Amino acid sequence: MIDSLDLVIDTIVAREVLDSRGNPTVEAEVLLEGGAMGRAIVPSGASTGAHEAHELRDGGDRYMGKGVGQAVNHIEERIATALCGLSALDQAAVDAAMLELDGSDNKSNLGANAILAVSMATARAAANGLGIPLYRYLGGPMANLLPVPLMNVINGGAHAANSLDFQEFMLVPHGAPSFREALRMGTEVFHTLKKLLSDKGMSTAVGDEGGFAPDLGNVEAGEILVEAISKAGYKPGEQISLALDVASTEFFENGRYAFDGGSYTSAEMVGQLEQLVEKFPIVSIEDGLAEDDWDGWKLLTERLGGKVQLVGDDLFVTNTKRLQQGIDSATANSILIKVNQIGSLTETLQAIDLAGRSGYTSVISHRSGETEDTTIADLSVATRAGQIKTGSLSRSERVAKYNQLLRIEDELGSQAVYAGAVGQGPRGKA
């Protein structure tokens, strides 16, 4: 029998650790009265939306200005004082207390990185205190849907030092019968792609998210991916499709999109994306237009919304207010979920809930600056999101999430359902 007093927050500690790019980030540990402990590390993005919650950095010379000592101090000196004595089971109350303590619209006083670290660590402490997995604690008895992975195997844009304008070219193994098989399929294509690139004399060095970063044009990248899928023994569009993260805000300036040597209006950009969808088995396009180009997004949705998943990342920044604006204007049909864009677990769950009630899909996502923390793997199963973006099939901070999903699938046994096998997630074109 678990005593409720055992689940009361007793101590909170924090430290500065490193992410996958060698930059400092925040780790928090929440210890409960009964001895259970939860630990979490927050990620950090390279291409960040202008409307994201504020990530607190120290400035100055230390770590080239990227230290997080202030955020760590806020946790140990202010957040700990406010939260000790609260029940870890009341996630909403814990997060609300931190938001009230911060008092800003974008978490700029305490830092979203400080608040999120404690928020995630609290949930893990509660799960550990109850002796149940995190996905079960967050999702209850219906948490059994394994997500379709969107595997970023060719990196460009802000994630790689190459000529590729679009940020991510992803494999989507929706035709697999299980997550384990989806992972195998993606891995086999990844290694086939590596050999293809090597045979063509191209670089097989990897970018921030573990994908290859060759000097290619956007069309060439699509062509070599389709070739790799076929050479690995799979059917493009039927078993494995493609997804893009255009990250178009990165090359949007003065009302025009500059990429592949051209300069395009919003309408012309939509036309470029339409051509790619006609040419390749693309089932999902993320940030096809810039974060504040609402008119362009509306046109994109009218033209392609019935054919492919249109994901708002910089557009929505995991924020219910911006998502509601999209819903009200019939803009996009999917939201990318990044816990550090909004900065607390409760607000993340609220965004996923609003999306689901409004007919929008949710894609749980990592950041380019990641760590060994696997919270998002559990979150994807807990929320039955049906899709996850967590990078390529290399670099241990990416693979850690895939391995956690394998463990969850094994633990669920016959109760496990792969989203692709039941028609959830982005659909292929046979």
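The backbone N, Cα and C atoms fix where each Cβ goes, glycine too.
Binding of (2R)-2-phosphoglycerate is attributed by Swiss-Prot to Gln167, Lys338, Arg367, Ser368, and the same site annotation extends, among Lys194, Lys389, to Lys389. In Swiss-Prot, the Mg(2+) site is described by Glu286, Asp313, and among Asp245, Asp260, Asp353 the residue recorded at this site is Asp245.
Straight-line distance linking the Cα atoms of Gln167 ((2R)-2-phosphoglycerate binding site) and Asp245 (Mg(2+) binding site), rounded to a whole number, equals 6 Å. For the recorded site, Ser368 ((2R)-2-phosphoglycerate binding site), the DSSP three-state label reads coil.
For the recorded positions Lys338, Ser368, Lys389, a Cα to Cα distance of within 10 angstroms from Asp313 (Mg(2+) binding site) holds for Lys338. Using Cα positions, the member of the recorded positions Glu209, Glu286, Lys338 nearest to Ser368 ((2R)-2-phosphoglycerate binding site) is identified as Glu209. In the structure as shown, the Cβ atom of Glu209 (active site, proton donor) sits within 10 Å of 31 other Cβ atoms.
In terms of local Cβ density within 10 Å, Gln167 ranks first among the binding-site residues Gln167, Ser368.
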